[in-house]
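If you check TrEMBL, you get these features:
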type	residues	note
DOMAIN	21-306	domain 'Sugar phosphate transporter'
REGION	321-351	region 'Disordered'
TRANSMEM	16-35	transmembrane segment
TRANSMEM	47-72	transmembrane segment
TRANSMEM	84-102	transmembrane segment
TRANSMEM	108-130	transmembrane segment
TRANSMEM	142-159	transmembrane segment
TRANSMEM	165-189	transmembrane segment
TRANSMEM	201-220	transmembrane segment
TRANSMEM	289-306	transmembrane segment
Amino acid sequence: MGKGAALSNGLVKKIILSYAYVSIWIFLSFTVIVYNKYILDRKLYGWPFPISLTMIHMTFCSSLAFLLVRVFKVVEPVSLSRNVYLTCILPIGALYSVSLWLSNSAYIYLSVSFIQMLKALMPVAVYTIGILFKKDSFKNSTMGNMLAISVGVAIAAYGEAKYDSWGVLLQLLAVLFEATRLVMIQILLTSKGISLNPITSLYYVAPSCLVFLSIPWIFVELPVLRENSSFQFDFAIFGTNSVCAFALNLAVFLLVGKTSALTMNVAGVVKDWLLIAFSWSVIKDTVTPLNLIGYGLAFLGVAYYNHQKLQAMKAKEAQKKAQQADEEAGRLLTERESNGSPDGKKGDSQA
């Protein structure tokens, strides 16, 4: 009775903690998205410099990551050779910098709700690029699901009240670069046994992002910022915005570490619906019935995709357990035979 109660209390505590991690991640992800929109939108804070904003984030995050890894030693650094850094980390940093630049740029032209609808294409992009790089195998059922997601997003785009072609192009390119980055992480890092959590990722990747972003910044935004001499750096706005961005990375570290990456994907779907509701009710973005129908179809496709991944993970885990059980049984049988063999020899010699 006491043991059962202890197990029950432990399970309840684990469930409560899991929901807490999910809630913290949703809140911070929600906050960063809305905050970035507020800063970049010309009708709100009115500072339409996405490269500069991303560089501020990267400077802040790389500095804090350095302190956590090297000074306070909260996280152990990963041993990387110069060759691995140049051939693996830098390409990922380049893709990440372009992805952040383009996704932040989209907030200038599109509503928060519509951007979340376009982001539903991420599984489609990851799966397609995975096939191209031979990290995924082509399956008719999965491709049919990807097609359903794409049709849903297309319907949502058709029903968008404030459609902007340039903004849509920026967001689609951001999805493409982010999907390529995720596949490259599997190819360049995971396949080599290199595992980076969000803190060590920032420690290694954020400085390279800063360098890559500085190239377009010099030609695109620096001249405009020089002309706008009246601009004063608002430490309250950009400081709190950067803190939120870094806290989001810590939340990812907690969520994935204490639950799973799949949990974060499912939580991301909940977050997108909350953002759409917030965008419609608070920011007063126009959300049309066709928007909701299209995104609803895409949502069902993404939910089914996550369900497939969960089933695949369960099957893989069951196969692993069965293999471990077979190996354990084989080991016990071998031990029994080896223990019985001397007795048999002993009996023969006595005879």
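Along the chain as shown, residues are numbered 1 onward.
Positions of Cβ are set from backbone N, Cα and C atoms, glycine also.
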(request) Give the one range among 47-72, 84-102, 165-189 whose Cβ atoms make the most pairs under 8 Å with those of the transmembrane segment (201-220). (result) 47-72
(message) Can you work out whether the transmembrane segment (47-72) touches the transmembrane segment (16-35), with the criterion being 3+ CB pairs under 8 Å where the paired residues are 6 or more apart along the chain?
(response) no
(request) Please average pLDDT over the domain 'Sugar phosphate transporter' (21-306) for the predicted structure. (result) 90
